[in-house]
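What follows is a single structure, written as structure tokens, with notes after it.
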């Protein structure tokens, strides 16, 4: 809903003030009247971003299911599968920062459109590449790298658009809503891919999901714009509200004292020496280790628990339903803590992020003792993965707190680091699944024990680092 009131808007909530002397624009006599029947354009953009995130993870996650029949057809062992799964992240590393820089120069709209078209084209050719890999294994690797190259620009472009379109008082809720697309895309990929595979062949998952992205890209191109000023459908009321909100947020930063030495340094130097940025980098990287391992190997985990391939999609989707719900709950709770209880943004981000890292670690520690019980193990996995979604109100939105203006660049930098666990985590997990069963031991254990141990150690390190160094106020002009 639009903010209430015809002639005034409370532009800056209490938590956004950096000091008692920060400017507040309480009354705006120039504000246009609010239209009666109107769908805000920033909500339409948020919906299209949600769909972009959904299609992004729909195309990314489908291989974690499709690789099961593919590995049987092409005779890939666990470590070979790990190489294929990790190849995506080599491409994902390359275009993060360039995507953010181009978004800043040309606008997020064209970057997001191009990225979706690229990754969907590589999705469409993946079945052909897999068939050709029997002659040269590099074809399937190239297809996965190409998918990563396209998907890498999604989040930098989205964060750039969010910083321009969404006022700070709405940002957490909007970010958690659009992030729901990640879980929905994963959920649909895990649920539908086994059905499609059993019905018409695993190849059709790639054709259908890639085609959906191409359709989305042209609808998006028609109905969205880079800025409120460029949008032909936006009301004068909404344009004024967004412009005034963003300008006032930037004016708060302008009043913040800046160290004279810092003025002589480049923006890049300020970013890489800022503890708040490194808190996000470390938390994001540590969180992504567990997230990427589960994204790739959760179907295999359920297979090891005794679930058949026909039902693995159903079991695997349940944790992501919980994530979709809990990520939005975290956004509502986060905004309530900030706006109602007036807890500082930094402390709220720390609470949410540490919950996302520590709570699942505790549950995955106990999971090793319940793997003989499918129902109990499923409950633990669902609660653990659902708890991890609190990061949507932690590091995920913290980048925009640090700088709405450079949110896309910040995300590109942090997500470049956070892509490394996708490579390392997949390779380590594939190696452990192949090697651990062959290691002689007097103590009965599952290869998943060591996989969980690595995840727990990484998560706890990330939680401690973020709790110490995280910031919640704008850091860069």
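Here the Cβ of each residue, glycine as well, is placed from N, Cα and C on the backbone.
The feature transmembrane segment is assigned by TrEMBL to 43-70 (among others).
Summarising the annotation, TrEMBL assigns domain 'Major facilitator superfamily (MFS) profile' to 45-474. Here the domain 'Major facilitator superfamily (MFS) profile' (45-474) returns a mean pLDDT of 87 for the predicted model.
Residues 60, 63-64, 67, 76, 111, 115, 140-141, 144-153, 156-157, 159-160, 292, 296, 408-409, 411-413, 415-416, 419-420, 422-423, 426-427, 429-431 of the same chain sit 6 or more residues outside the transmembrane segment (82-103) yet have a Cβ under 8 Å from a Cβ within it. Residues or ranges marked as transmembrane segment in TrEMBL: 82-103 (among others).
Cβ atoms under 8 Å from those of the transmembrane segment (110-130) belong to residues 52, 55-56, 59, 63, 70, 74, 95, 99, 102-103, 139-140, 142-144, 146-154, 156-158, 160-161, 202-203, 206-207, 209-214, 216-217, 220-221, 226 of the same chain, restricted to positions at least 6 beyond its ends. Residues annotated as transmembrane segment in TrEMBL: 110-130 (among others).
According to TrEMBL, the feature transmembrane segment maps to 136-159 (among others).
Residues or ranges marked as transmembrane segment in TrEMBL: 180-200 (among others).
The annotation transmembrane segment is assigned in TrEMBL to 206-223 (among others).
Residues annotated as transmembrane segment in TrEMBL: 277-298 (among others). Sequence-distant contacts of the transmembrane segment (277-298), counting only residues of its own chain at least 6 positions beyond either end whose CB sits under 8 Å from a CB of the stretch, comprise 60-61, 63-64, 85, 89, 186, 190, 271, 316, 319, 353, 356-357, 360, 381, 385, 388, 391, 394-395, 398-399, 402, 410, 413-415, 417-422, 424-426, 429, 433, 451, 454-455, 458-459, 461-463, 465-466, 468-471, 475.
What TrEMBL records for 318-338 (among others) is transmembrane segment.
The feature transmembrane segment is assigned by TrEMBL to 350-369 (among others). Distant neighbours of the transmembrane segment (350-369): 283, 286-287, 290, 330, 334, 337, 377, 380-381, 383-385, 387-395, 398, 446, 448-449, 452, 455-456, 459-460, 462-463, 466-467, 470; these residues of the same chain sit at least 6 beyond its ends, with a Cβ under 8 Å from one of its Cβ atoms.
Distant neighbours of the transmembrane segment (375-394): 172, 175-176, 179, 183, 283, 287, 290-291, 294, 298, 301-302, 305, 315, 318-320, 322-327, 330-331, 333-334, 348-350, 352-357, 359-360, 363-364, 366-367, 466; these residues of the same chain sit at least 6 beyond its ends, with a Cβ under 8 Å from one of its Cβ atoms. Per TrEMBL, the feature transmembrane segment maps to 375-394 (among others).
Annotation comment: TrEMBL describes 406-431 (among others) as transmembrane segment. Non-local neighbours of the transmembrane segment (406-431) in the same chain are 78-79, 81-83, 85-86, 88-90, 92-93, 96-101, 103-104, 108, 152, 155-157, 159-160, 162-163, 267, 271-272, 277, 280-281, 284-290, 292-293, 296-297, 395, 399-400, 451, 454, 458, 476; each lies 6+ residues outside the stretch with a CB under 8 Å from one of its CB atoms.
Using a Cβ-Cβ cut-off under 8 Å and counting only residues 6 or more beyond its ends in the same chain, the transmembrane segment (451-469) has close neighbours at 275-276, 278-280, 282-283, 285-287, 289-290, 293, 297, 350, 353-354, 357-358, 360-361, 364-365, 367-368, 394-395, 421, 428-429, 432-433. Here TrEMBL flags 451-469 (among others) as transmembrane segment.
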Tertiary contacts of the transmembrane segment (136-159), as residues 6+ beyond its ends and Cβ separation under 8 Å:
49, 52-53, 56, 59-60, 63, 83-85, 87-100, 102-103, 108-109, 111-112, 114-123, 125-126, 129-130, 178, 399-400, 407-412, 415, 419
Winner by Cβ pairs under 8 Å against the transmembrane segment (43-70), considering only 180-200, 206-223, 318-338:
180-200
Where else in the chain does the transmembrane segment (180-200) make close Cβ contacts, counting only residues six or more beyond its ends and a cut-off under 8 Å?
49-62, 64-66, 69, 208-209, 295, 298-299, 309-310, 312-314, 316-317, 320-321, 323-324, 327-328, 389
